[in-house]
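S.K.: Next up is a structure, given as structure tokens.
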Amino acid sequence: MAPSAVDDTVSRREMWKTLPDPVLYPVKEAKFEKYIEPQSDGYERAKAQSGGNPAIVIDNGSWAVRAGWSFENAPRLAVPPIMAKYRDRKLGKTFSFAGQDCYADTSARGHIRNAFEAGTGIVSNWDVMEHVLDYVFLKLGMNGVDGAIDMPIVMTEAVANLPYSRKSMTEIIFECYGAPSLTYGIDSLFAYRHNQGKTGIVVSSSHSATHLIPVYNQKPLLAQATRLNWGGWHAAEYLLKLIKLKYYYGFPGKLNSSQAENMVRDFCYVSQDYDSELAHYLEWTGLEDRERIVQYPYTEEVINQKTEEELARIAERKKESGRRLQEQAAKMRLERLMKKEQELEYYKDVQRRILEQTTKKEIKRILDDAEVKDEAALDRMVKELEKSIKRARTKDLGGEQEEEQEAPDFSLLDVPDDQLDEAGLKQKRQQRLMKSNHDARARAKAEKEAEKARIAEEARLDEERRTNDLEGWLEEKRQLRLAKLAQIKERDRLKADLGNRKSLANQIRMKNLANLASDTPATTGRKRRRGGDDDDFGADDADWGVYRSVAIGANKGDSDDEEEAEEDLEASVRALEQDLLEYDKEFTYEHTLEAQNDWTKSLLHAFRYGPRPFDAAAPAETHRLHLNVERIRVPEVIFQPSAIAGVDQAGIIEIAGDILNQRLVGIPGLDRDSFLKDIFLTGGNTMFQGFDERMRASLMPLLPAGTPLTVRKAKDPILDAWKGAAGWAGSEDWQRAKVTREEYQEKGAEYLKEHDLGNAFS
């Protein structure tokens, strides 16, 4: 390894301590902020305007519904299009919440429903939509109106909105609320009008989708408009998937879409050169500045720290308690010793009394009184008591050291059975069992000594080879180390393959399991026994190899050699590396397996935990999300949807290039260069830092040299759609475009008046 690389690793291992404390960002999610009072002053001002043509303007977005009065500069309400309804069985009442109020009640949170279909700008739940409109009109001070909403309504809709969706909305506005008139318009065209746009390409990237609409002399060319199914909702869901994939072992915090939306909005930005920046994003230099750490709530284990006086008192109490326990134990041992001595004296007295007797009947009576089976059992009891007393005296009373254990007596093994009575035969069987155990222990001891001698001999020969041929010895150690590393790599690969259900190793494993579970398992090497239900599994040694083939080995996965399977490969590698570190000048610590597995060399560690070590026992660190490459990967999808997220659609630059170089060029009477002078960006998904610069830099290579190109962003990409609709309401164009209640009743809910800011009738 090059010295610079070694120095770099050492510096990373030590220099992280000089980094400043990490900046932690609290996790954000949608929550209830405050109660909104009904505001009747706007309605009173609207009624007071006789010729001003006031109207209620509603920007009906899939992320937020913004509503207000056309004569004001900003909407009064911005509520999410959600509703929660649940029934409290204890109170016997049904509660309904709309907008932000859904987050005010814990029970309501679990019943939230959205008016829009997920990821689209199409209303799919009209019950929720009606509740949201009720909420909007109530907060605008219309609760005092009897029977109907007596103000015209201007409402935005998506590009190429479905006729059924528009028809349903029209029926609700006229039938449920009785509005005098209703007008629809496209939100991005309203924003373009508010920013004084005339001819250009409107790029609208909102919560549900991205649209590119060519506009010529304030007239949209809707036939050339193109849709990209990617918006803020898709970006949040994609980030959520990336986080779950990044922390695949299970993140302890609770992740949801609302949190992901805030992370996308707060931390993501558009890269000007994605491939180049991504290649160097996880480099250790400056990584602490590029990553963002989101801290989730956690519970810290409280440890009460004791003072030195308290610790000293606790130690003294433990010491005193230990001393008392030792005294009690010594007293109990002394009592047991005295009891054993009394028993020994009693049984010795029994032996003396037996020696004085001459008849077997008297001997049997003495043994029965002593509750002893026979004289041999009495002798064993006396010997055991003498041994036990000697051990106790050696330990507690400082007596003489225990004598060496006497050799066991196997004298009856050479006596024929016909010369022994029943008691002798039983004792002979006991001696035979004792001899087999004694021989087994002797063989084990001999094998152990032989193994020690073999290891010592191998060590001597190894030392001799090192002394006589150092280079050859080092090369042998190097090759052996490489072989062990290859075994470790193969073991890890097998474990990974067994974790993949489609791998060859797992398929073989499943076949073996299926064969064992089958009523007619396939035989290998022998014929199955005819008749009966027993398939004699286990009668052949080959059967037991099945268990190795279906289980993951401790070190090598599926190993044929039992000794190699039980070998500690890591310990062997460490021993070899210790020898190389001591005798090989070219082998340094940075070459060792421990250094290679060091966190400072792990790209995965930098990806998950940044440039600092990770403590798995610290709750604060385990509840952190480290966002790094996700900050540029999520916004990049709109430019490369197929390459990044697998969305089978063209990117926004490719779509814009096709409109400018193919579609508009083929329309007679249009000047393509006039569209290039105003590439207009609107929508919340265009608010990423660097979005407009990336748009300009990516479009330039698609155009002829010297072609003028102007890319500008809306003054307020979020509110300009509402402001444009409010400014348009009351104009002569609005008067011609609105559908009155009488026209609705005469021509039906499908009736639509086309205008320069709305959809075409289809």
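The backbone N, Cα and C atoms fix where each Cβ goes, glycine too.
A TrEMBL annotation is a machine prediction, not a hand-curated record.
These numbers come from a predicted model, not from an experiment.
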S.K.: Which is it, of 475-502, 503-530, 531-558, 559-586, that TrEMBL names as coiled coil?
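M.R.: The range carrying the coiled coil annotation in TrEMBL is 559-586.
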S.K.: Give the range, chosen from 304-335, 336-367, that TrEMBL lists as coiled coil.
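M.R.: When 304-335, 336-367 are checked in TrEMBL, coiled coil belongs to 304-335.
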S.K.: What is the number of residues in the region 'Disordered' (392-452) that are helix, strand and coil, as DSSP sees it?
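M.R.: The region 'Disordered' (392-452) comes out at 44 helix, 0 strand, 17 coil.
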